[in-house]
Amino acid sequence: MCGIVGYVGYRDALGVVVDALRRMEYRGYDSAGVAILDGNGGIAVERKAGRLANLEAELDEAGAAKFAGTSGMGHTRWATHGAPTDRNAHPHRDCSGKLAVVHNGIIENFAPLRRELEDAGIELRSDTDTEVAVHLVARAYAEGPTAGDFTASVLAVLRRLDGAFTLVFTHADHPGTIVAARQSTPLVVGVGQGEMFIASDVTAFIEHTREAVELGQNQAVVITADGYTVTDFDGDTDVTSRPFTIDWDLAAAEKGGHDYFMLKEIEEQPTAVADTLIGHFVVDENGGRIVLDEQRLADQELREFDKVFVVACGSSYHAGLLAKYAIEHWTRVPVEVELASEFRYRDPVLDRSTLVVAVSQSGETADTLEAVRHAKEQKARVLAICNTNGAQIPRESDAVIYTRTGPEIGVASTKAFLAQVAANYLVGLALAQARGTKYPDEVAREFAELESMPKLIARVLETAPQVRAIARELAHVPTVLFLGRHVGYPVALEGALKLKELAYMHAEGFAAGELKHGPIALIEDGLPVIVVMPSPKGRAVLHSKLLSNIREIQARGARTIVIAEEGDDTVRPFADDLIEIPAAPTLFQPLLSTVPLQIFAAEVAQARGYDVDKPRNLAKSVTVE
Ligand code: F6R
């Protein structure tokens with residue numbers, strides 16, 4: 001999400017910055033901008049919605065002389081707060097026009113900060129959360145204990161910001177200095193000879209230097225042409241950052257050192273889920289409440305819905321299946337989950353009191369879009385869960401939750417899927433809160449549990465070597481079956497879909513209870529069956545039923561690969577391979593149990609020599625029916 005670059009040195013800064021933005025295009029963006037300092041108290045800013053080429057055309061028209069200088073910064077924006085327009089594009093400037101900022105991430109407490117600035121008579125000119133940061137630094141620089149001290153002013157403001165952010169500031173009166181900081185989102189320093197860089201990732205400066213420093217959490221850095229200083233947000237230099245030498249080529253650097261984007265995206269899942277949750281729980285006088293991103297639905301409407309439909313395709317549909325378990329459990333409202341392509345061609349019963357939740361990573365999938373339109377024609381209200389700000393589906397919906405994963409380049413959905421699951425749960429909690437089916441403290445507790453999931457997802461990623469070894473052993477079998485019960489069932493479907501689309505292997509997911517009604521006939525000696533075990537601490541009946549299913553298939557010769565909670569020893573005797581995941585509340589377990597299945601499918605595909613990012617016959621956005 002968003003590409004950031006800053007440069008101080010001796011080269012033409014505009015050239016360095018635009019080249020860097022071009023190299024970070026793969027991160028995805030919907031607008032771009034630059035700020036170049038002329039060294040004499042001047043700063044030239046240009047920003048433009050759309051492709052980098054639009055910005056370059058503006059820069060050409062303005063003429064190179066206007067952007068002459070040896071320090072500056074640039075930004076490619078993936079819209080979160082505010083539409084992808086010229087006025088919301090970065091850099092943003094303070095009222096004097098001398099101070100500029102670029103930002104990646106979300107400033108969670110921007111609303112009270114914005115009010116504070118407006119109360120002080122400052123007119124904000126964009127819809128972004130970012131702009132508050134530049135005005136706050138300008139005020140700290142103008143008066144009070146940090147007056148006139150650029151770095152101290154930035155640090156003072158950083159201490160007031162909540163959320164996940166990388167921020168980079170330049171000041172026309174300090175042309176040889178850039179001040180930057182990170183909290184959760186990435187920032188790397190590139191160390192050159194007589195020049196320094198900062199960027200979201202090393203691709204931005206890899207052609208100029210291979211010496212880099214990775215900043216730690218909640219660290220700030222000041223760069224000049226001669227060096228850099230890392231501190232915490234209090235200015236204390238007693239902190240640890242990680243110098244390293246980049247030994248990747250450019251293509252590998254874009255993929256974070258992996259062979260494929262998808263592998264990087266699997267690793268990004270803790271952040272994708274954490275970012276999706278940011279800002280959705282606002283503390284208030286009653287303890288706190290869930291908020292959506294764009295809410296054009298009254299609370300009264302949320303209270304009056306008597307039915308929910310979730311419509312989506314592919315992996316997004318599987319995320320929707322999980323929504324059913326959560327929404328019905330928390331709200332007692334009936335939920336139907338339907339493939340968008342089926343929904344629109346039958347005659348579903350819809351009216352004003354139906355909520356349709358449309359789940360789509362791209363926001364452009366033709367079937368889902370048409371399902372949304374059909375629902376609206378029937379007067380139903382639509383809530384979109386989408387990864388792409390400003391896409392058609394959220395534009396046509398009455399409310400939106402964005403999954404903030406950044407662009408997903410691998411065709412097979414991974415981080416977007418997990419983020420969709422989290423966003424669906426937010427919908428469930430928002431409905432439960434509006435309808436009073438959960439007390440505010442219960443909603444707060446569920447949200448807190450959800451917020452703790454990214455750490456557990458990171459722990460599941462540690463199973464990768466074991467999962468890969470199993471995958472390599474099974475890379476050439478003809479069929480793999482997946483079994484689950486309750487929320488493990490959609491996980492089984494998702495595991496099978498990943499394997500089909502990436503490894504072109506026959507794979508099927510089953511509800512374990514259905515085994516005896518047919519699929520058990522498929523079981524034969526050595527057939528691999530991946531089983532998603534529910535928590536033994538959840539509903540005991542689910543656990544014991546699945547345990548007997550594993551026994552049944554093992555007795556018939558299946559090779560059982562079991563994903564089970566750590567410490568679930570009851571399953572051990574029946575698992576030929578046991579992949580252990582951390583304990584989690586039943587509804588949230590899919591955020592963990594899906595991850596080994598993604599790793600498994602990717603490894604099988606690699607072992608079979610297939611392109612993991614671009615499976616045959618598939619497109620990332622399916623804009624035709
Ligand atoms: C599977 C996959 C697809 C998409 C489906 C819907 O890995 O990526 O099944 O989930 O095409 O796409 P969106 O979510 O963009 O509507």
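Sequential numbering from 1, following the chain as shown.
Heads up, the Cβ atoms here are built off N, Cα and C, so glycines get one too.
Here the structure is a predicted model, which means the values were calculated and not measured.
Here's what TrEMBL has on this protein:
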| type | residues | note |
| --- | --- | --- |
| DOMAIN | 2-226 | domain 'Glutamine amidotransferase type-2' |
| ACT_SITE | CYS2 | active site, nucleophile |
| DOMAIN | 298-437 | domain 'SIS' |
| DOMAIN | 470-615 | domain 'SIS' |
| ACT_SITE | LYS620 | active site, for Fru-6P isomerization activity |
Express the distance between the Cα positions of CYS2 (active site, nucleophile) and LYS620 (active site, for Fru-6P isomerization activity) as a whole number of Å.
20
Residues with Cβ closer than 8 Å to the Cβ of the residue listed as 'active site, for Fru-6P isomerization activity', same chain and 6+ apart in sequence?
SER362, GLU408, ILE409, VAL411
Work out, from DSSP, the number of helix, strand and coil residues along the domain 'SIS' (298-437).
65 helix, 28 strand, 47 coil
Tally of DSSP helical, extended and coil residues in the domain 'SIS' (470-615)
74 helix, 29 strand, 43 coil
Around the residue listed as 'active site, nucleophile', how many other CB atoms lie within 10 A of its CB?
23
In this predicted model, the domain 'SIS' (470-615) has a mean pLDDT of 95
